[in-house]
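Trainee: Sharing a structure, written as structure tokens. Questions coming.
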């Protein structure tokens, strides 16, 4: 693998000025990847039902490559190839989740940054987060993703195109304009499940996948509009590429990753150069995602590092006449692969070769297609033309050996996929991980073409679960397991559905079976979670400790183990686990909040406040961190800051009794008595059984020497909770101050101390009792 020291050789070269390019190179680069976007579902590629005005406009202004192929129909390997100019065997990233791009890899972002570019990325999915190595070379890498609020933080998985665009616009406005920028935008919306927002959900009711593409296109258009308003548009090289397509049921494949048919490996590629001299050019030569890096570097006059396997496309863009089909490179061989079938299901992996008009697919049942007349690959030529199959198979084998020989000189980037990553990928519909089946050579692996029916049913279950149709999901996974009883991921999904149904005992059955089949399975973590739900704390601790032993980098397992330890009274051990979780996942807002809460409980208020502030730096409206920071600020005497936190929450959660009650405490502390009364009254109106609000109302009345309403509210609090020590103290101290009821005063003060002898008010209670002769 080319190492970073190669940057020393990355000096500026003379810019190649070709016929038809009269303008100087752009100052900036905007690279956009449309995840899971089929080329043939875009308007500029001839799809009449598309609604893609932004992409269509870029195609009219630039060059469109009608036969661009990805290297793999899987997100992470495809992006790794785009950013390195290398095939997967060379850069070492062969599947989602299981691999990480090595730090020694030389990326497009690193090269551009070395030449003075300000580099930034805004991504839309967990699949390409910095954990997997793609952040190399980016000054700013925005990977703040969303989660479903009803699920643990392990499911922080993606964000919408609107959120990606908003984040990108914020970066654009905040950047210093002294240097050119290179910005990568990653739109993930076309990935399943297909759930476009309004109005695209109704406009594309029958084809929601197309609605997702239309939505992402609109958001790209919004960013391009702002780029024009800033005056940067005409000075920016813009490249839009797809990482892979989507089968949509073709050849029996529901989504992508299993086969190498054009539905998933034919991707859009649009290159928009400043000026209009090359506008509207359509190029029919076979090209690859590998070609983006050398093309960008050539355009900016930067030397292409040695070993890059992609090709500079600028000569094709400026070559007049034939659409790029003729010439000595027309028979260029493009390599394809997917290891996902093997890694996930234990099925046979697939490889392929595109050369000229022919496409060869290597598998237990080799396939051969004539793409000139059969781009949809309906007519397999292999059965009738064995000589052509042998010829293309030999070419494929030769190319593969060459790539593997080069790859042996590189460092492998394979990860041990931890349960946390597996679960996040699971939530996205990716299920990569060692299948638990025998390794290659131990037994023959089944052909994906023969097993695709199981995959279809499996994906039906995945979609049903995502849509909340639990009976349909369970039926689908049962159908898969009836045909393939050792399908570990069907068991995991089935267990997950039971967890959603609050049937933890049934989930345990599935997870235990999965662990039997695959001891290193993500089921270890899920067993810990299920046991915690059932209050089986010792067993939960054992499973979570096993998870961490298998995967020491599992942040969420450390955090969950901390919860178990706290419930078992082992505070010091819990603190250690949360600190370890923070080290492993410093941007995880839930872990930061949990650590802050434990520190707050242990009296380390300043440290706790910093944790809550760090959580809010990730998500400025994270409710738990806002609430806890308000409590911490109040404890530290920072009343104005505390009020800001709680007022922000009260505006969003208008009937949350805890928020309103604590807001009242802060307002009272700031002398805003009338507003404090209103806050407490709103709290009791929101929940008439919430004792602390009545106690605090009593405190306000008592401070104004209105003893009767104070007594009434204290008694109301105790009627709701007879063990509420604070209210016992408040009522006893009221009687003590009034001087009229020494007997009841003594009674309630003694009860308060019996309930909480170490409370903050205990000293005052003992002093009063002493004066009362108690």
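Glycine too: its Cβ is placed from the backbone N, Cα and C atoms.
Curation plays no part in TrEMBL annotations; they are all automatic predictions.
For reference, TrEMBL lists these features for the protein:
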{"type": "DOMAIN", "residues": "28-302", "note": "domain 'Sulfatase N-terminal'"}
{"type": "REPEAT", "residues": "488-521", "note": "repeat 'TPR'"}
{"type": "REPEAT", "residues": "589-622", "note": "repeat 'TPR'"}
{"type": "REPEAT", "residues": "657-690", "note": "repeat 'TPR'"}
{"type": "REPEAT", "residues": "691-724", "note": "repeat 'TPR'"}
{"type": "SIGNAL", "residues": "1-26", "note": "signal peptide"}
Trainee: Is the repeat 'TPR' (589-622) packed against any residues at least 6 beyond its ends, judged by a Cβ distance under 8 Å, and which are they?
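Mentor: Long-range Cβ neighbours of the repeat 'TPR' (589-622): 144, 152-153, 555-556, 559, 562-563, 566, 571, 574-575, 578-579, 581-582, 628-629, 631-633, 635-636, 648, 652.
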Trainee: DSSP helix, strand and coil counts for the repeat 'TPR' (488-521)?
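Mentor: The repeat 'TPR' (488-521) comes out at 27 helix, 0 strand, 7 coil.
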Trainee: Determine how many residues of the repeat 'TPR' (691-724) DSSP places in helix, in strand and in coil.
Mentor: 27 helix, 0 strand, 7 coil
